[in-house]
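Trainee: Provided herewith is a single structure, encoded as structure tokens, for subsequent inquiry.
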Amino acid sequence: MSALKDAVLKGGVGALGFLASAYTLTKFIVATPVKIAPRGDSEHDMDIVLCFDTKKFSAEAVEFFVQMVCSQSQLIIAPKTKSVLEEHEQEKNQEAVKTNHTYYLLGAAHATLVAIKEKKERAFHGDVSEEPVPDRFSSGDRVDLLIFELGRLKVHADQYRPSVIDEDGEAGDGVSQLPEPFQDEEHGVLLQQALHSQFLTDHFPLHDDKERSELVDTWVKKWSSPQPLSFVRSYFGDEVGFYFGFLGMYTQWLIPLSALGLLTFVLDFYPNYAAYGRGLYSLLVTSWATAFLKFWKRQESALRNEWRITTADSLALEPVRPDFWGEKKFDPVEGTYYTFFSSVNRVKRYVVTFSVTMVALAVVTVFTIIYLWCEEWVALVFTPAKGWDGYYEYVAFVPSIVYSAVVLYMDGKYSELASYLTRFENHRTDSDFANAQVLKLALFYFINNFGFLFYLAFKSRDMDLLEQTLSSLLITRQLLGNVTEQLIPYMSARSSLKTEAGKMAKETKSKDTSVSKVDAELLFPTYEGTFDDYLELFVQFGQVTLFAAAYPLASLWSLCNNIMEIRSDGFKLCMSFRRSHRTSTHGIGTWYYAFSALGYLSVMTNCAIFGLHSGFLSRLFPKMTFAGTLVAVALMEHAMVAVKVCVEMLVPDTPTIVFEAQRTQRAKLRKQASFQVELSSRQLLQPRASDGDKEANDIAQVAAADVDDWLSREKEHRLKLEREVKSLNRLYMNWIREEQAKRKKSEHKLAMLKERYNSPL
């Protein structure tokens, strides 16, 4: 019955955490901490907030940025409306006080967005799509178009008209008159130069009230309905869309696995079937992991086709990281400067980061050894023989719970260290940065979360302690994760809003105060992307698959957690954070290979547990030696790996319907290309027609008097030619008549000669 007590205790803790999270989330959805005013007229078409550092840089830099935007585009850029607190602060301090940041809003009219859309399609695809233009773009499309237009603007010194002149009354000329962050000619792109110099400290899209409210109603509140993935992707971008697509499919696939895990747990109460149940369950988990990852690959391809995402578009939209630095070199082909960082310097930095990572892993190993000593000490001291009868079972959980909390703490600290080390490596693009960070964190999280479990499974071979530690890690991580992901961001945003509203009420001496929409979103924390969310799923996937036979209920608790995770993550994105940056991607990227590595490793661990701990082989073959068992486990592992490889090779990554759609699209592109080639050939074969068109166009541009003069000259010339032709015609007709007369005269003489010679003498 100890196993039943253990299961009831852990299940009660997990269920309590699940219900508490559901209750708090429900309360948060209907709670509004303070009144937020709707957008004003000046903010109606604004979708992006630009944050400028005016403490380090002068106000002329902001003026220059605004002038470049206005002179090269039709975008609307305007300063943020001052809040009540800012106005009161300005009234109190009559002297000029330099603020740390200046905020501007960026937007565009619908006609401007239509023109930008056509420009973007020509830049990426060479032609404008035939799709009808909507009456109003979605907020996600508006943000994408604004960022595209802002990213193409250049730094032009000749377009700058400074409002402050020098002592001689002249504004000066040349690059020397440009503000400080824009004096570098090697960065010609306005946005990149502002980001590289840290002048533009941040820029983020504003939430759209209507679309966000619809997302909350159809996504966060509807627990039983399918996720509106297309709407989520349209609002938050490709990266967030693929994350929730992966999380949703993973949660659905956990349903049958949870049922099998629950059945396996029930079989533990029947000793004759317990070993068979856990052994078969461990093998089924490896097959489940293989099938899930393969079908996600197909689902990912279907989502790319549905959302019309291509790899070329993702690469074209990926800019250089603002933190990337190196030697400036000139590209003669492009005619621009670029930043070069040699591979030798990068290898040197790799050596440093690798060394630091190894030291961190050594620290984890030392901590694991200390925890093992603590477990042994608790097992020796807290026993019924020493007066702990009735309580020793609960005290035995304390080391594993403390170990779980410390593991989570070390995960957070190493995440900060990994970010610093990856920045030290100086990667050019965000995708390169993310791939390097995934490698570091996946390795550390694997050692930190699973290293001790491997020791328990294959060194000490203590399955009871393995189950206890694994269950503690799983449940503790889920409980603390819900707190850190839901409560802390929401309470932080709520506290900031209440503080701001309290200050406004104190200044205005009014109880009915409201924070403007832009000011409210500036108080929200920044969403750093899906990296931490994928890390959480990575650890959970390993806890479910690597040691499936040790704790079959791991899949059930993961299912309950993920049902909550989908809605809690959606809630925090909609209500607790600023709107996330729209990152272009074509899938989950390197995370797929991290999950695949766990899938291959789960084959080895589960086969080993099946052969060494389940007792299944010993019951079938009582005379089998330990060496024979190892050989059987190795053969089983190789066979399952071979099956896994065959499945990945034989099952296509692209579904048939997607493949047919891609074939149709390629055929359409081929027809368009053939049409363009044929049209070009016809134009080349008809040069005179094109010359005549050019001559006609040139004549159409001549003045009316010149045209009349030319026509009169041509008319006179034509009349002259007609007269000459008539004269020649008369001469010709006279010559013909003379020739006819000569011919008749000759015929008459010939007839007379014939008569003379034919007459009789």
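Each residue, glycine too, has its Cβ placed from N, Cα and C.
TrEMBL annotations: computationally assigned, not manually curated.
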Trainee: Of the ranges 99-116, 279-296, which one does TrEMBL flag as transmembrane segment?
Mentor: 279-296
Trainee: Could you give the number of helix, strand and coil residues in the region 'Disordered' (742-761) as assigned by DSSP?
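Mentor: Helix (H, G, I), strand (E, B), coil: 17 helix, 0 strand, 3 coil.
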Trainee: Do any residues, 6 or more residues outside the transmembrane segment (240-267), come within under 8 Å Cβ-to-Cβ of it, and if so which ones?
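Mentor: Contacts of the transmembrane segment (240-267) (Cβ under 8 Å, skipping residues fewer than 6 from its ends): 7, 226-227, 229-230, 232-234, 273-274, 276-278, 281, 284-285, 288, 292, 295-296, 299-300, 303, 307, 530, 533-534, 537, 541, 544, 548, 552-556, 558-559, 562-563, 565-566, 569-570, 573, 580, 585, 587-588.
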Trainee: May I ask which of the stretches 350-371, 438-458, 591-612 has the most CB pairs under 8 A with the transmembrane segment (624-643)?
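Mentor: Out of the listed stretches, 591-612 contacts the transmembrane segment (624-643) most.
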Trainee: Could you tell me what the rest of the chain brings near the transmembrane segment (279-296), counting residues at least six beyond its ends with Cβ under 8 Å?
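Mentor: Cβ under 8 Å, 6 or more out: 246, 249-250, 253, 256-257, 260-261, 264, 541, 544-545, 548-549, 552, 592, 595-596, 598-599, 602-603, 606-607, 609-610, 614-616, 640, 643-644, 647-648, 651.
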